[in-house]
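Here the structure is laid out as structure tokens; the discussion comes afterwards.
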Amino acid sequence: VGFKAGVREYKLTYYTPEYETKDTDILAAFRVTPQPGVPPEEAGAAVAAESSTGTWTTVWTDGLTSLDRYKGRCYHIEPVPGEADQYMSYVAYPLDLFEEGSVTNMFTSIVGNVFGFKALRALRLEDLRIPPAYIKTFQGPPHGIQVERDKLNKYGRPTLGCTIKPKLGLSAKNYGRAVYECLRGGLDFTKDDENVNSQPFMRWRDRFLFCAEAIYKAQAETGEIKGHYLNATAGTCEEMIKRAVFARELGVPIIMHDYLTGGFTANTSLAHYCRDNGLLLHIHRAMHAVIDRQKNHGIHFRVLAKALRMSGGDHIHSGTVVGKLEGERDITLGFVVLLRDDYIEKDRSRGIYFTQDWVSLPGVIPVASGGIHVWHMPALTEISGDDSVLQFGGGTLGHPWGNAPGAVANRVALEACVQARNEGRDLAREGNAIIC
């Protein structure tokens, strides 16, 4: 009796097709492309092993713990229809592998090490099922959809936004002027672009002050609550929180964070600050396409969206289906419902691999942004629904008469589309006629 050293095939330990998943397991759906000559069972088991308790060889200390309790298990494999040498590999992870309330730890475990594994030609994480027992360890969005509507006193329609352009180079005063013109023209929000932080041409404190002035002036003249997504993203968490504190002192309703470049730890810290201090939190997904664009490698955005809902954010950019940035309608709507709804049934046609119960975690408002303009309004109103932000940057500031007329055009088009929808008219068929 004793320790038997040596290398074992992963599938002998980690491929368990007889395993019945538990309600407390985190479930993952991986698209696996094995190297030539590697059986799919071995590839799937390798993913389960390397993202949980395994390493490349048997180790003496395996005998000091219970692998049956802690190991990840590849419990099902199926070929991907229409794709040669690609397989969906389903892995179950025991909940005890993960720190409570930490998206950072969850991702470090599940995707931190396996993507460079030499037995795999490519690997993509398509979806995660997060069990209620784990969700209950997260605060989630600072406020959620209903609380945001109540704070802003805006009901029965999507809200309208605009990213200030040019994104870089404006002085703080000219930037604030553009914010005022857009809000005065009828928009609900304006927005810092994702790479506007605190550069030599416009330091963050100056921008915050001039934008706050624009917000209060526009509110006084319109009688509506307005906001500007003040980007608090910074080089350190301490600096980020300092900017959030200043925004709160100015009395503005909403700030912003780039959650992928800033990181999940920073984002969760900021979300907690926002809930404690009554600030809404807008999330930009800068860098997402580096991670999710390839069809056979990386992480699908629906996983990043779920992670954001856990980490915390009241808005997140979600694609448009129309416009300049890539998005497929059914797939985009799939992760939109994962952001907004409380209980989502499995639906492979929309890319939803698992039934997800959010157990009343607040919802996130999807933001449609990127190359959209006033003629897209009927489609956006129909596709996105009321609980959304429709964000027109060039589609507002590019109006031939200027910023304020561009904002007026967007607001009038939205009001017309909402009224037509409420009257029972078909936006898909009559869209252009409605806003002419």
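Cβ atoms are placed via backbone N, Cα and C, with glycine included.
The following features are taken from Swiss-Prot:
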{"type": "ACT_SITE", "residues": "LYS165", "note": "active site, proton acceptor"}
{"type": "ACT_SITE", "residues": "HIS284", "note": "active site, proton acceptor"}
{"type": "BINDING", "residues": "ASN113, THR163, LYS167, ARG285, HIS317, SER369", "note": "substrate binding site"}
{"type": "BINDING", "residues": "LYS191, ASP193, GLU194", "note": "Mg(2+) binding site"}
{"type": "MOD_RES", "residues": "LYS4", "note": "N6,N6,N6-trimethyllysine"}
{"type": "MOD_RES", "residues": "LYS191", "note": "N6-carboxylysine"}
{"type": "SITE", "residues": "LYS324", "note": "site 'Transition state stabilizer'"}
Cα within 10 Å of GLU194 (Mg(2+) binding site) is the criterion; apply it to the recorded positions LYS4, HIS284, ARG285, HIS317 and give the hits in sequence order.
HIS284, ARG285
Can you tell me how far the Cα of ASN113 (substrate binding site) sits from the Cα of HIS284 (active site, proton acceptor), in Å?
26
DSSP secondary structure for LYS165 (active site, proton acceptor), reduced to helix/strand/coil, please.
coil
Considering only the recorded positions LYS4, ASP193, HIS284, which fall within 10 Å of LYS167 (substrate binding site) when distances are taken between Cα atoms?
ASP193
How many neighbouring Cβ atoms, not counting its own, are there within 10 Å of the Cβ of HIS317 (substrate binding site)?
22
Counting other Cβ atoms within 10 Å, pick out the least crowded of the recorded positions LYS4, LYS165, LYS191, HIS284, ARG285.
LYS4
Near THR163 (substrate binding site), which residues of its chain come within a Cβ-Cβ distance under 8 Å, counting only those 6 or more away in sequence?
THR190, LYS191, ASP192, ASP193, SER369, GLN391, GLY393
Taking HIS317 (substrate binding site) as the reference, which of LYS4, LYS165, HIS284 (the recorded positions) have a CA within 10 A of its CA?
HIS284
Judged by the number of other CB atoms within 10 angstroms, which among ASN113, SER369 is the least packed of the binding-site residues?
ASN113
Taking the residues ASN113, THR163, LYS167, ARG285, HIS317, SER369 listed for substrate, what is the greatest CA to CA distance in Å, to the nearest whole number?
36
